[in-house]
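> The feature active site, nucleophile is assigned by Swiss-Prot to CYS129, with similarity to another entry given as support. For CYS234, the entry in Swiss-Prot reads active site, cysteine persulfide intermediate. Taken from Swiss-Prot, the feature ATP binding site covers ALA37, MET38, SER39, GLY40, GLY41, VAL42, ASP43, SER44, MET63, GLY159, and the record attributes it to similarity to another entry. Taken from Swiss-Prot, the feature disulfide bond applies to CYS129-CYS234. The annotation site 'Interaction with tRNA' is assigned in Swiss-Prot to HIS160, ARG285, GLN389.
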Amino acid sequence: MRVSLFLQKQIIECSKAFQPHSTRLQWPKSQDKVFVAMSGGVDSSFSAYLLKSQGYNVEGVFMRNWLDEDSAPSGCPAERDWATVQKVCKKLNISCRRFNFEKEYWNLVFEPSLDLYENGLTPNPDVSCNRQVKFGALFDALKKHCENNVKGDWWLASGHYAKSVVNIETNESHMCIPTDKRKDQTLFLCTIRKEALEKTIFPLHNWTKENVKKQASSAGFKEIAEKQESQGLCFVSPNVGRKFRKFLQRYLNFSDRPIKVIAGKNVVGEFSGNHGIWSLTVGERCGLSLPQAQSEYFGRWYVWKKDIKNNALYICRGTNNELLMSKCIYLKDWKWCGTKLQNLEKSALSCFVRVRHQQPLQPAKVTWRNPESVKIHFQDKQRAVTPGQVIAVYVNDVCLGGGMVDTVEPEKDFD
């Protein structure tokens, strides 16, 4: 598709703006107030330590997002984490405060995720939690607090592995990939509001996870550095095991009808209705036992499509079956992160795309069909792109934003 001269110029200018020499690190001045979002983990604790050691006026903030501890999956016991945060803040000689966002988390993250599960999709609760709660409700609460209680500028610091920079000419904020590419968490942050990004810093932007743990131990936080990383509800997917699936069963509706399992045009088996079609994800192995002695059923079978209306699950043989592959997908609910490019409708932009966490960036052509709908055509085939997941788009190492996978065009369809 032909690109207008105006857009060509804009892309060139945009690309120039994202060059390292055109940006500076977004960072507070010595007199600024810095609130550190703390979870009790090593990343946020070490972030607070770094800022305190650099002489900043630091205050820890802790969020409780889940009300009923007994009903939560084994992930992040809030009271124990709050006690750890208080202990760290006392050691650093900084104050800390606690915010309760159970209502916001339930209404803005958990219930929408349940709706997606019930419609056969696989959501990213961690992405919506960052946008709606950490860089939404928490940011708004801090902003309101600072209007009357803080003189001068203030910042929100997060222990995420990401980097916030400012364009020297336009003074606009951008989010970039950090030094530790393996721990890069920009995918989880790709939809946060521009207003929040402009006030956010990431102290670990030039640190590796290995060095964070090493230095945290040396700084007196050995117990925190050595404990197993916990994952709260935001960061859990159905793939992690039966415990989370059992937890979701308390909230999701089930069909009385059995789930039909279809290979090609043939029904090859059934799951009981209480299994929950929502618990099966595109790309994972099908748990149905097929007669391996018969050649037509021999091998490993994987989910490639879910049909909620007809309560059917489609499977294919082989982990790299063409039915699992796609080069063209469509996103909805697109959100910009920082710079918003103008007049992009129906014009293809060469970008990089991240489909899932820790995956290398994938070259692709990205077309904005309208302000909220995006078409992505990958250079290489992608396996098991899953409706409901969030995908992030990049120019150079700058994250432009992200959107939810709406539809996927497989490379091959059954005759």
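Glycine is treated like the rest: Cβ placed from N, Cα and C.
So where do these features actually land, and what's packed around them?
For CYS129 (active site, nucleophile), other Cβ atoms within 10 Å of its Cβ number 26.
Look at GLY41 (ATP binding site): DSSP puts it in coil.
In the three-state DSSP classification, HIS160 (site 'Interaction with tRNA') falls within coil. If you take the C-beta of HIS160 (site 'Interaction with tRNA') and look for same-chain residues 6 or more apart in sequence within under 8 angstroms, you find ASP43, GLN185, PHE188, LEU189, PHE202, LEU204.
Annotation for ARG285 (site 'Interaction with tRNA'): same-chain Cβ neighbours under 8 Å, separated by at least 6 residues, are ARG300, TRP301, TYR302, VAL303.
In the three-state DSSP assignment, the secondary structure recorded for GLN389 (site 'Interaction with tRNA') is coil.
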> Name the secondary structure element type, per DSSP in three states, that contains ARG285 (site 'Interaction with tRNA').
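It is in a strand.
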> Using DSSP reduced to three states, classify CYS129 (active site, nucleophile) as helix, strand or coil.
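DSSP assigns CYS129 (active site, nucleophile) to helix.
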> Which of the three DSSP-derived classes (helix, strand, coil) applies to MET63 (ATP binding site)?
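Once the DSSP labels are grouped into three classes, MET63 (ATP binding site) ends up as strand.
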> CYS129 (active site, nucleophile) to ALA37 (ATP binding site): how many Å between their Cα atoms?
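Their Cα atoms are separated by 14 Å.
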> ALA37 (ATP binding site) to GLN389 (site 'Interaction with tRNA'): how many Å between their Cα atoms?
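Spelling it out, the Cα of ALA37 (ATP binding site) and the Cα of GLN389 (site 'Interaction with tRNA') are 25 Å apart.
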